[in-house]
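Chemist: What TrEMBL records for this protein is below:
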| type | residues | note |
| --- | --- | --- |
| TRANSMEM | 12-33 | transmembrane segment |
| DOMAIN | 53-168 | domain 'Thiamine pyrophosphate enzyme N-terminal TPP-binding' |
| DOMAIN | 273-403 | domain 'Thiamine pyrophosphate enzyme central' |
| DOMAIN | 467-618 | domain 'Thiamine pyrophosphate enzyme TPP-binding' |
Amino acid sequence: MESSKVTAPDGSFVPSLLLLVSGTLVAALLGALHRLGLFYQLRHKVDKASVRHGGENVAAVLRAHGVRFLFTLVGGHISPLLVACEKLGIRVVDTRHEVTAVFAADAVARLTGTVGVAAVTAGPGLTNTVTAMKNAQMAQSPVLLLGGAASTLLQNRGALQAIDQMSLFRPLCKFCASVRRVRDIVPTLRAAMAAAQSGTPGPVFVELPIDVLYPYYMVQKEMVPAKPPKGLMGRGVTWYLQNHLANLFAGAWEPQPEGPLPLDIPQATPQQVQRCIEILSRAKRPLMVLGSQALLPPTPPDKLCAAVETLGVPCFLGGMARGLLGRNNPLHIRQNRSAALKKADVVVLAGAVCDFRLSYGRVLSRSSKVIVVNRNREEMLLNSDLFWKPQEAVQGDVASFVLKLGEGLRGHTWAPDWLEELREADRQKEQTFREKAARPTAQHLNPVRVLQLVEETLPENVVLVVDGGDFVGTAAHLVRPRGPLCWLDPGAFGTLGVGGGFALGAKLCRPDAEVWCLFGDGAFGYSLIEFDTFVRHKVPVVALVGNDAGWTQISREQVPILGSNVACGLAYTHYHKAAKGLGAQGFLLSRENEDQVVQVLREAQRQCHDGHPVVVNILIGKTDFRDGSISV
């Protein structure tokens, strides 16, 4: 029997282990040195004598991107960037509530096709913007929110107004970043601006801690003790603080590219376009529904309008697409959308979404061939697993797709009887509106008749802002935008309170246009204080408040179903007098002067031309115009 032999350890094992351990320690040390910024500081120096501050870097990027307005409610965390923007010629417009600042930026984004920008202070300043940011997300508006924050060293240590802001905004934004060094401001903002406009547009958030915005000497005074503490621990802490300060400002003022980055906008493939052309060419009763995405850059609205007219397909317009075809284009069908969709044999959903607005797709006929185009795949196919199926689903830019359809079908015509059938249904529905307008209400003015007179009075250069429930829902059937990008509503989120901010942004973008706001009295409560903003910044707008002393869209269902009007009642408040108290002009319309509706509207218009914001408080009664409308 052979005895077993025990093999001695290889003599090379110990040196290998030592080499591995040494390598690990070296790697850890190098990683620590990198995180502390020591390598960067060897190549990039700190200009300790400079009085420049990070706010200047923010302003430079905004200017390079063509930003003309910065909306804000001031706070110490963000003062440097506000001052720097003003010095570079960016108009800083302060509001009375942070949510209004974001709504104003949203309006700028929608009307100009650029990024709208708002800046607010840390903590409660940012939490006050959450509703507006969610609204921008659902409306797909490219909005940049700049938020102040506690200094980089004091976060999570109980500093004033310090919360986890990043966790709050990540679900709402396409891009979120917290700047940790002054040199990172420029590249971070450029990336944020590109993200806001690429793909499906949406809001972005950049957090700017206070120590990346203020000058070196001020941050040094706050961060590093004037008299170094004694002892090893004290000297170690002092070294860490001094190094942190140096890393904050190293390379801060070195030149960097500030201009826009390339955008990524999806496009339909030629094969997809050709298949859709073939489907549409065989249609007998084609119909197109255009949504807000159709008005996104880079296609100018006039080119899209020309393509739609060349195509010759009857259209329904929704969201920002309202007004695309002007006031009286024969292709624009306004009423009886559900019935028309049921009869159509080919439906093109061009930026329209099968959510509650299209009854989750149930309004589409099972026998219809549906072409859907949208930049966002999830939105494009929403509810297609339940109530409808697309024949062709195209992920791409809507307006570019419609232009290609128009080119591919140039010269093709459809039988005129289909369009005439739809127009006749429109005429019949509008006749019922006239009949409802002629019926007196139990008290005050008939809102249907008032809105008909508003429609007759509005100028051709009007931008319409709508904010409310029942009164605005009625106006959507009766008041016609005069042209493209002349209608602002909250969008799919149905947010109340957008009016003041939207009007502010709209008038600044379109100083030569008249901005008319249609408010429900409930919604107007959110925006009333912003008439102080309009007065201070010399922004003349006209607000028409449909005052029926209640949350009528809710009570319309709540009372008959549940038998109570609890929490639905308001008062016939003197909103016109409140406006006067804020420095604006105010007028009252009621049954006592119902024969002077047009005269009062004209006087409001004249006052607006003279530079005064105006509120017209219109006391209205109840009608059955919107019976059956949804509120949930």
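Any Cβ shown, glycine's included, is placed from N, Cα and C.
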Chemist: What are the DSSP helix/strand/coil residue counts across the domain 'Thiamine pyrophosphate enzyme N-terminal TPP-binding' (53-168)?
Modeler: 56 helix, 21 strand, 39 coil
Chemist: What is the number of residues in the domain 'Thiamine pyrophosphate enzyme central' (273-403) that are helix, strand and coil, as DSSP sees it?
Modeler: 50 helix, 25 strand, 56 coil
Chemist: Where does the mean pLDDT land for the domain 'Thiamine pyrophosphate enzyme N-terminal TPP-binding' (53-168)?
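Modeler: In the predicted model, the domain 'Thiamine pyrophosphate enzyme N-terminal TPP-binding' (53-168) has a mean pLDDT of 96.
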